[in-house]
Amino acid sequence: MTFDSNAFLIIFTGSLIAISCGFLGVFMMLRKMSMTGDAISHAVLPGIVIGYFVSGSQRSLEVIIGAGLLGILATLMIDWLRKKARVQLDASIGITFTLLFAIGIILINLLAYKVDLDQECVLYGEIAYLPIDSWITKSGLNLGPRITWLAGLNFFFVIGFIYLLFKELVLTSFDENFSSVMGIPSKGVNLALMSIVSYTTVSSFESVGAILVVALLVVPPATAFLWTKSLIPLLKLTAAIGISISVLGYYLAYWIDSSIAGMMVTVAGAFFGISVLIHGKKPAWFRGTSPANQPFGV
Amino acid sequence: MITQVENPILEIHDLTVSYDQNPVLWNVDLSLPGGKLVGILGPNGAGKSTLIKAIMGLIAPTSGYVKVFDKPLNEVRSRISYVPQRESVDWNFPASVLDVVMMGTYGKLGLFRRPGKKEKDIALKSLEQVGMSGFVKRQISELSGGQQQRVFIARALAQEADLYLMDEPFAGVDMSTETAIFQLLQEMTAAGKTVIVVHHDIHSAMNFFDWLIMLNLHLVASGPKELVMNEELLRKTYGGKLNLLTRVTDMIRQKDFNPLKS
Ligand SMILES: Nc1ncnc2c1ncn2[C@@H]1O[C@H](COP(=O)(O)OP(=O)(O)OP(=O)(O)O)[C@@H](O)[C@H]1O
Ligand SMILES: [Mg+2]
């Protein structure tokens, strides 16, 4: 088989997106906020529309800023509903994202004569067109596929964010009160995480779409968590799953001639299902990391 | 029966705390001397955890204020250590015992900086003090309840603070470990630290604490153990639950009764 540069680019980009989403998803899962990612991915729609309206381009910085702001707003709203209005978490999420999504749809219709925003694209995205969408500078230099650049930049930010704030992320996920007591700003850390989740969602829209990005946030971490109970292996396994679903997703989609992003998520779902089945009858040698219990006294 | 002190290490002034407009702590006004092992006694729902959380700034008071080391809380956070009730976290979290105890050192470390050898040594020493050296690498999801509680105590020790607030640190901890940790806390107070412990066992309270706070929505008593450990105040705190109280007053009568010496 010869080297297929298109296939490589698509798989590479898919892996970058899957790993970015997966890493963030691990922390969302540990905070029991996986579905907040779902809320955010829908709630950013009005931000995108407004950003688009302001800048006139679907690919502008304004769109990303608008989406980021809306993501933070959604987080604050969910938090407020839960803590101050004492609404259950699932209900707060449901109220927030449907409301913001609805506002987004109304905005699209209101601004329809000025905004030629492709709703299909926002919702579904398609990574297969990536090789024909190059980033060409004003002087005509072809720098390669734009979406790969976006995904790479995003990946870089996510890794940097997690690297810098690793101990804060872990601590605030495990014991929020304790971190506040020590003066580590748990609210700030939370908002920072939600902003980068918003940014990641938006940046991944064009390639995988708003709905499938949620799957990438939730499914790989949940699958990895079935196999390991410590954090670093959890992150590594999530990354490995991200790469595997990109490779398998691409070739399966190619084989049956279907959506690559859709196939990636289907493969992720299959991984999860298989993990659940195997996990039930995992042999003892696979499970144990801990030495035998020893009696002890102080 | 409230004893106020000069130069208190902790001063609570006329504190009222409410949940949803319902006050659960009324006009608590007390001051504590440094270098003492202080016990907080009171029935379930008396507001003990609420008092601790208000001291730590986790709940904003409706009125009144708290001063620690004669300063507002935010200026002295790194000198305060906290053991929350065990149920306040999810023990399925993917972390090892060492990871959790190291968290105690994060406050002094500050943002962005990573824990290194020094922090690890502090954590290992704290684990040794609570008798958990054999469990350093164990995942916290694989611990028993009492072991989890000891991990929390170790995490607080790793904070190397001057004031320790512990909410039922001995819930589910076995007798010999409890005694050993109480002795450790006594050594710490002898070295000038102040330790405040919410505690349900009046036997060991009589044995180990220097100072007692009795709470039942209102402050019933705060003072040296010899002054406040009496039938009247216990009755006020626990509200005539008779068989408990007769047992305790019996104990008070047999002056040097010690359940651990037998
Ligand atoms: N988050 C909350 N919202 C509303 N009411 C609360 C909340 N937490 C506690 N309360 C109420 O405040 C009162 C004091 O609770 P607190 O937790 O301080 O009691 P406690 O003395 O620590 O009891 P325990 O010995 O059971 O731990 C109780 O009546 C309780 O019902
Ligand atoms: Mg309590």
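Cβ atoms are placed via backbone N, Cα and C, with glycine included.
According to TrEMBL, the feature transmembrane segment maps to A:6-27 (among others). Within its own chain, the transmembrane segment (A:6-27) is flanked in space by residues 34, 37, 127-128, 130-131, 144-145, 147-148, 151-152, 154-155, 158-159, 162, 169, 173, 193, 196-197, 200, 204, 207-208, 213, 216-218, 220-221, 224, 231, 234-235, 238-239, 241-243, 245-247, 249-250, 254, 260-261, 264, which lie at least six positions past its ends and keep a Cβ under 8 Å from the stretch.
Under the heading transmembrane segment, TrEMBL lists A:39-57 (among others).
Residues or ranges marked as transmembrane segment in TrEMBL: A:63-81 (among others).
Taken from TrEMBL, the feature transmembrane segment covers A:93-113 (among others).
Counting same-chain residues at least six beyond the ends of the transmembrane segment (A:147-166), those with a Cβ under 8 angstroms from any Cβ of the stretch are 9, 12-13, 16-17, 19-20, 23-24, 27, 127, 130, 133, 135, 189, 192-193, 196, 199-200, 203-204, 206-207. Residues or ranges marked as transmembrane segment in TrEMBL: A:147-166 (among others).
According to TrEMBL, the feature transmembrane segment maps to A:208-227 (among others). Through the fold, the transmembrane segment (A:208-227) approaches residues 14, 17-18, 21-22, 24-26, 28-29, 34-35, 37-38, 41-42, 44-45, 121-127, 197, 200-201, 234, 237-238, 241-242, 245, 261-262, 264-265, 268-269, 271-272, 275-276, 279 of its own chain, all at least 6 residues removed from its boundaries and within a Cβ separation under 8 Å.
Listed as Cβ neighbours of the transmembrane segment (A:234-253) (distance under 8 Å, sequence separation of 6 or more from its ends, same chain) are residues 7, 10-12, 14-15, 18-19, 21-23, 25-26, 128, 216, 220-221, 223-225, 227-228, 259-268, 271. Taken from TrEMBL, the feature transmembrane segment applies to A:234-253 (among others).
If one looks beyond the transmembrane segment (A:259-278) by at least 6 residues along the same chain, the residues whose Cβ comes under 8 Å of a Cβ in the stretch are 10, 14, 18, 124-128, 207-209, 212, 215-216, 219-220, 222-223, 226-227, 241, 244-246, 248-250, 252-253. Per TrEMBL, the feature transmembrane segment maps to A:259-278 (among others).
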